[in-house]
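Working notes, beginning with the structure itself.
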Amino acid sequence: VKQGKSSRIFEVNIQVAVRIRPLLPKELLRHHCECVKVIPGSAQVTVNPDRLFTFDHAFGPSASQDEVYRACIQPMVRSLLDGYNATVFCYGETGSGKTYTISINEIDVATVHMSYLELYMEEVRDLLDLPTNQKGLNVRDDINGNTGN
């Protein structure tokens, strides 16, 4: 991608992964069959055997949450902690498995502590506070000149 008249090229790092969900119980009862299959050992899938698609990652119905996380998300978390932006975007039809893919099981519970503060016009606001409770935070200096709230 070129920007303006400059010859600089910007690198865009986007990866696309596909996850094939297992057939649902009602689909099994109706004798449906899988029409999308992952080619073992590759990042390719076939659709109704005559169409081939290549992705950065391809996961079949038996892929675990951990397998998907380690391949796709864990590297992004490392980059995020190094100060880079990261986005996980799930796209698909209703019932295609988006929520299942981004959810964790009840055994693996985690807590993330965070705060989002805005410093604007010499006022500090907590962006996670409800809009009805939006009041400025006090900024104070201690005896050593360190600033805090």
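Glycine is no exception: its Cβ is also placed from the backbone N, Cα and C atoms.
Here is what TrEMBL says about this protein:
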DOMAIN    13-149  domain 'Kinesin motor'
BINDING   G92, E93, T94, G95, S96, G97, K98, T99  ATP binding site
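Annotated features taken from TrEMBL, shown on the structure.
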residue	record	Cβ contacts under 8 Å, 6 or more apart
G92	ATP binding site	K98
E93	ATP binding site	none
T94	ATP binding site	none
G95	ATP binding site	L24
S96	ATP binding site	R21
G97	ATP binding site	R19, R21
T99	ATP binding site	none
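Same-chain residues that are not part of G92, E93, T94, G95, S96, G97, K98, T99 yet have a Cβ within 8 Å of the Cβ center of the ATP site turn out to be R21. Every protein chain shown contributes to the tally, and the Cβ of K98 (ATP binding site) ends up with 16 other Cβ atoms within 10 Å. Under the three-state DSSP scheme, T99 (ATP binding site) falls in the helix class. Mean pLDDT of the predicted structure over the domain 'Kinesin motor' (13-149): 84.
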